[in-house]
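So that you can see what the record holds, here are the features copied from Swiss-Prot:
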REPEAT    22-46  repeat 'ANK 1'
REPEAT    48-80  repeat 'ANK 2'
DOMAIN    111-363  domain 'RMT2'
BINDING   Phe120, Phe186, Gly187, Leu188, Gly189, Ile190, Val191, Glu209, Ala210, His211, Trp236, Gln237, Asp265  S-adenosyl-L-methionine binding site
Amino acid sequence: MDMDSAHLDSSLLTLAFRLIKAAQTAAPSVLADLLAEGAPAWFQDDDLGWSCLHYAAERKEPECLEVLLQGGAVWNAVDKWGRTAGEICLSLGDEEGWSIIRNEGIRSEDKTSAGDNLVFLKSKLTWDVGKDGKERVLDADGNGVMMGWEEPLSYCIVVEHVKRLTEEHPKAELGAEGMSILNVGFGLGIVDRLFQECDPKPSHHTIIEAHPQVLEYIHKKGVHLLPNVRILQGRWQDWLLDGEKVGDVLSGTPDGMGFDAIFVDTFAEGYEDLKAFFEVIPDILNADNGRFSFWNGLGATNPTIYAVSSSLAELHLEDVGLQVEWHDVLIPESMREEVWKGVRRRYWDLPGYRLPIAKMSLI
């Protein structure tokens, strides 16, 4: 018996097992009655780690899923193999059931966040070289902050970000003046190096970075000495939520009218922080041809949770007047497995990456 079962009194435990059984065969009305009696919809059995929602998903009965979700079933509960009920629907080709679970996730997760950026900024980082010879940064707990694997992997993710942000932009054409770039979160500097390798080079390149050791690394590598590069020390909130400082940030852009491309990837900030960043984009992105993208890694260890996070981001970008176009990037399994050796916490475990490119909506 697991810890959740041990903390249920006998009457609730009986109701929990009745609900589990009913979810496999009974009509939606029976499920509703059990929930009305107080059956715990969050309960998961010992054998498979399945909840009532998992069993209902196996039946391909949309109404059962709706009743259970309305009764408190947890949309993102995972079984012993890390699968949500959404993955059960996907494996059975049940698009309707999967959409019901995904949409519930979007509704319920609107106010969630993860990580603690302020704690991270005070933590000690370690620069390490993996067996592949690539440099990586680990935090004090051994979590990957910025991995050297992103360099080989960049040809299917990071390079793709830069490509999508710059391709066919009028200022990125040969002979043009170059784009005005803002990158928030330096890491190992891979994205910034790729921007610098563009032809023409950026006419202006601002980097916002807050971690003291990363700032030391920037100066050690001489990034601050590159032509047209400006380093702003501090959190993006310090610069972009301060009315006076926003003017300073925009001072390097043509006529102060906004950046041509903005990319953000800040480790240990949760979705609430990303959503707050969305809200300042209309003030700092060039309205005519500006493009915005972000590292889309929230929930990236589970396909259903990842889909919910991506859909939620799209909705919130639309709320502030941006339209999003998604680009799917394939990640080879061999590469996904190799890069996590020696790292405690994975933050990517999916075969594909959804790359967002957002532009101001045309009115």
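Glycine too: its Cβ is placed from the backbone N, Cα and C atoms.
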Same-chain residues at least 6 apart in sequence whose Cβ lies under 8 Å from Gly189 (S-adenosyl-L-methionine binding site): Tyr217, Ile218, Lys221, Val223
Which same-chain residues, if any, lie at least 6 apart from Asp265 (S-adenosyl-L-methionine binding site) yet have Cβ under 8 Å of it: Val184, Gly185, Gly187, Val191, Phe294, Trp295
Cβ neighbours of Ala210 (S-adenosyl-L-methionine binding site) where a neighbour is any other Cβ within 10 Å: 22
Rounded mean pLDDT for the residues that make up the repeat 'ANK 2' (48-80): 93
Residue distribution over DSSP helix, strand and coil in the repeat 'ANK 1' (22-46): 13 helix, 1 strand, 11 coil
For the repeat 'ANK 2' (48-80), the number of residues DSSP places in helix, strand and coil: 17 helix, 1 strand, 15 coil
Greatest C-beta neighbour count within 10 angstroms, which of the binding-site residues Gly187, Val191, Trp236: Val191
